[in-house]
Each structure stands twice: as C-alpha cells, then as structure tokens.
Amino acid sequence: MGRSGLKKTGQKKSSTGRKDGVGKKEPSSTVSEKQPANGKKAKAGTHGSDRGLMSSLKPIVDKSWVRTLLVSALLLIASILLRFYRLEHPRSVVFDETHFGKFTDWYLKGEFFFDIHPPLGKMVFAYLGSALGYKLSAVEPYGYIGQEFGPEDKFLVLRGISATFGAFVPVFTFLTCEELDLPLESSLLAAIAVLFEHMLIVESRLILLNSQLMFHLSLALYFAVRLWKSPQATQQRWIFLVFTALAATAAISVKWTAGVTPFVIALVSFFGLLFPHARLTLTECGIAATIAVSAYTFLHYLHFKTLPNTGQVGHEAETPRRDSLLGPSNIKTEPQATTLFRVLRSSRPLSARL
C-alpha cells in the first residue's frame, strides 16, 4: 500500500507539474502571439486612418458642383489660351473689321451711322472698349481690308473683347449639357467640340459680332434649361425667367439672325415640350415678352441718344432723322433717285417720296 501510494503521489505530482508547466508556458506563448498581432493592428490602424481621411474627403470631391466647377475652369483656361495666343496676328484689318472698327470710332465721336445689325454688339465694342483703354487714333485705322495697324492703334482691346466673349461659349455648352443630365463624357465631348471649332476660334480673335452672338445664345439656352427644370410658382423660376428673357433679347440685339434660338425657347416654353415644368403660364409668357420688348427698345434708345451728330454718313438717314442731327450738314440737296426698297422703308406717303 505504501509503494502504491507513493507511485500515485508521484504520478499526481508529475501530472500537476506538467499542468503547471503548461500553465506557465501559456502566458509566454500568448505574449509571443500577441506581439505580431499588436504590430498588425498598429499597421492596420495607420491604413485605417488614411482610409478615414479619404472617406471624409470623398463626399466633397464627389459633389457634382465641385466637379462641374473644376471642369468649367479647365475649359475656360483652355479656351482663353486658344483665343488669346498671338492675338495681335495679323497686325492688319481682316474682313469686316473695317466696318466694326469704324462703327466703334463713330460711337465714340457721337456720329450717326446706319447699319443693318441692331446696336448692342457695336455699343459693347465702343463703351466697354473705352473703359478698357481704347482710344481714337489720329489716322483712320480701319480704312480698308489689309491696312496695317500703327503702333498707337488700340485694336488689341477690341479683339480682346471678342476673345473674352468667345472663351465662355464652351463653358456654357458644358453647363447646359450638365443641366440636361447627360453623362460627364457626353458633356465633355460637346464642350470640347465647341472649344476646338475652327471657325468659332477665328471669329473670336477678330473685331466681329459673332463671338458676342454665340455667347448670348449659349447663355440663353443655359438659363432656359434651368427655367424648364424649375418647379412652378417658385422664386427660382421667376429669376431664370427674367435671365432667359434678357439673354435672348441680348442675342437678338446683336444680330437678328439669332432669332431662331429664342423662337425655339418660346416654342418649348409655350407648349411644355420635353421637360415636366417647361410649360409657362400666360402670365409668365407675358412678363417674358414685356421684358424682351422693353430691353430691345431701350437699347435702340441708347443708340440714337448717343449719336447726335451728322458725321460722315448722315445722308443714309431718313429726312426726319437727318433734321434732328447736330453739326454741319453734308447732305446732298439735289433730288435723289428713288428705289422701291427706299419707298417701302420710308414712313412717309408714297406721293411724298415721288
């Protein structure tokens, strides 16, 4: 019994020793296992903070207005570079610069003249150019096509005005496509096509009306789309109604050939085509028409008000207008040949014309 008891006691001690040994080894093993785990956690924590920073910035970057603003800025920079690069070349009168350059000078002199186009584009050249440093030259610089500009001629100011108006056309093209909910790729394609359109670039680099015309047309289309998407009877809708009417009127006040775009805008607005809120009420149509007629009439009032003198081409005015001009008259007094066009254009009776 004693030996068996000793054996059992030894076995119990050895078993407890093994258990104790295992129990003692466990902490060291756990420590060794925890160390790489802690290292992994530390690295994961670093990457986690980076992911957290990116996730916090992502909503800002993904906001549509930030993307739209960034793309618009890049388009504007590229458009400015294309239109202002070597703007002084050629340093001579090109095509209709001979006409619009003279019109600008006559506005600054206050000398009356007749032109087939409405006055806004020419008034922008004259008065905005004057504010930017354009001055009359001692010698007429726009006498004929190909005439070289002198060192004192400020023709670059007028060309810069054209280039500035033309630079914004690709931007408003992109913004209009964005408002039409087109994919970004489609909006960019349309804007880039306008950006690199050769004729638009050339006309934007000369003293011509077309860059102003395209600017006002693209602006009118952008405001029209915003108007059509605006809910009924909201302040936003009234704001875009006024802006659309003014932009469309400005386009027609540069050239009457712009009338197609306002006609399409009026057609969509009156019949409510394509957009859920596009149809305007009769009140809204009446207000838009009143704004357009008033603005167009006011521009012509300014045109006649700022040209009180006879100048060099006073004979092109009708007799009532000639009689109201100031300065020495250079009108021919002998009878002039009468044409059917002049008869129809005159407000006097036919018997008086004959």
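Each residue, glycine too, has its Cβ placed from N, Cα and C.
Automated prediction, rather than curation, is the source of TrEMBL annotations.
Taken from TrEMBL, the feature region 'Disordered' applies to 1-50 (among others).
The compositional bias 'Basic residues' annotation in TrEMBL covers 1-11.
The compositional bias 'Basic and acidic residues' annotation in TrEMBL covers 17-27 (among others).
As annotated by TrEMBL, transmembrane segment applies to 64-85 (among others).
Here TrEMBL flags 75-285 as domain 'ArnT-like N-terminal'. Confidence across the domain 'ArnT-like N-terminal' (75-285), taken as the mean pLDDT and rounded to a whole number, stands at 95.
Residues or ranges marked as transmembrane segment by TrEMBL: 156-175 (among others).
If you look up TrEMBL, you'll see 207-225 (among others) marked as transmembrane segment. Long-range neighbours of the transmembrane segment (207-225) within the same chain, counting only residues 6 or more positions beyond its ends whose Cβ lies under 8 Å from a Cβ of the stretch, are 95-97, 100-101, 104, 117, 120-122, 124-125, 155, 158-159, 162-163, 165-166, 168-169, 172-173, 175-176, 179-180, 200, 240, 243-244, 247-248, 250-251, 254-255, 257-258, 261-262, 265, 268-269, 275.
Per TrEMBL, the feature transmembrane segment maps to 237-254 (among others). Residues 117-121, 209, 212-213, 216-217, 219-220, 223-224, 226-227, 230-231, 261-262, 265, 277, 280, 284, 287-289, 291-292, 295-296, 299 of the same chain, all 6+ positions outside the transmembrane segment (237-254), place their C-beta atoms under 8 angstroms from a C-beta of that stretch.
If you look up TrEMBL, you'll see 285-304 (among others) marked as transmembrane segment.
Residues or ranges marked as region 'Disordered' by TrEMBL: 312-331 (among others).
According to TrEMBL, the compositional bias 'Basic and acidic residues' annotation covers 315-324 (among others).
Below 8 angstroms of C-beta separation, residues 160, 163, 166-171, 174-175, 178, 184, 187-188, 191, 195-196, 201, 204-205 of the same chain, each at least six residues beyond the ends of the transmembrane segment (64-85), sit close to that stretch.
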